[in-house]
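Structure first, then comments.
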Amino acid sequence: MAFQGHQARKRFGQHWLKDQTVLDRIVAAADLQPSDRVLEVGPGRGALTERLLSSPAAAVQAVELDRDLVDGLRERFAGDPRFSLRQGDVLELPLQLEDGVAASKVVANIPYNITGPLLDRLVGRLDRPVEPPYQRLVLLVQKQVAERIRARPGHSSFSALSVRMQLLARCTTVCPVPPRCFQPPPKVQSEVIQIDPLPADKRLPSDIARRVESLLRQAFLARRKMLRNTLASLAPEPQLQALAAAAGFQLHQRPQELAPQVWVALARGLNQGIDAASADGHDHGDGSGQGESSPGGARDQI
């Protein structure tokens, strides 16, 4: 094969998954059906690809950044017409399959240095979710990221990512993956997670979603500060206290202590206040305009 002797490259974050049990668990979690069209990110030398093609899936399209692996992958799977391959950066390429049809499921051993941006592309954010949503994503990620996704309020790992993902999808753990399961072994623990994005009719209304996203950016950029301080620009303190009481939290709390639904309740309260202000012609000083700006460079900080 063309990639025999190819060594994993640090600059691509390559760690070949070699554990047969973990490979089987990933494919089992994907629950592939004859109607499924699979997008595989980072096939490497094809260990997971082989199992995906052993499933009843209708098509498997792999996206590989490393040019030196492309010929070997095409040679290895040349006999299966369901397989296709594109070389390039998954963060930049269009994600439709070669025939222009969207994939129904995503399976990936993600290079850990692109996990955040890739989740943005595959799941989206509250104010711009991926449309249409994938039915399921099964991803091998760094354990620290998995912990942040599933963290509960008050846990040290709880973050804006926790709130966002728990409002956009059902996220569950498939299995832990220790370093010995890879070649070469990474220096961190890993985990396979299953993400089932919510259908459009189960998501937040767009105005509430935009408001929650704005609140998360504002609050978690200063996660050690009390909400009395980080939310001060939204309303005078008496009004802010009333909003907090209605949403079910106190202003001396910090953002990582609030459950996802509390953020939703706060967003609804703020939006209702803005609607009331618009109706009676008064300015309640909620400062809503500043929250609609693009997160820009703040994206990776939260």
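The backbone N, Cα and C atoms fix where each Cβ goes, and this holds for glycine too.
Lifted from Swiss-Prot, the feature list:
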- HIS15, LEU17, GLY42, GLU64, ASP89, ASN109: S-adenosyl-L-methionine binding site (BINDING)
- 275-302: region 'Disordered' (REGION)
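Shown here: features listed in Swiss-Prot, placed on the structure.
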residue : record                               : DSSP (3 states)
HIS15   : S-adenosyl-L-methionine binding site : coil
GLY42   : S-adenosyl-L-methionine binding site : coil
GLU64   : S-adenosyl-L-methionine binding site : strand
ASP89   : S-adenosyl-L-methionine binding site : coil
ASN109  : S-adenosyl-L-methionine binding site : strand
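In sequence order, LEU65 constitute the residues six or more apart from ASP89 (S-adenosyl-L-methionine binding site) in its chain with CB-CB distances below 8 Å. Counting every protein chain shown, 23 other Cβ atoms lie within 10 Å of the Cβ of HIS15 (S-adenosyl-L-methionine binding site). Pairwise Cα distances among HIS15, LEU17, GLY42, GLU64, ASP89, ASN109, which the record gives as the binders of S-adenosyl-L-methionine, peak at 20 Å. Fewest other C-beta atoms within 10 Å: among the binding-site residues LEU17, GLY42, that description fits LEU17.
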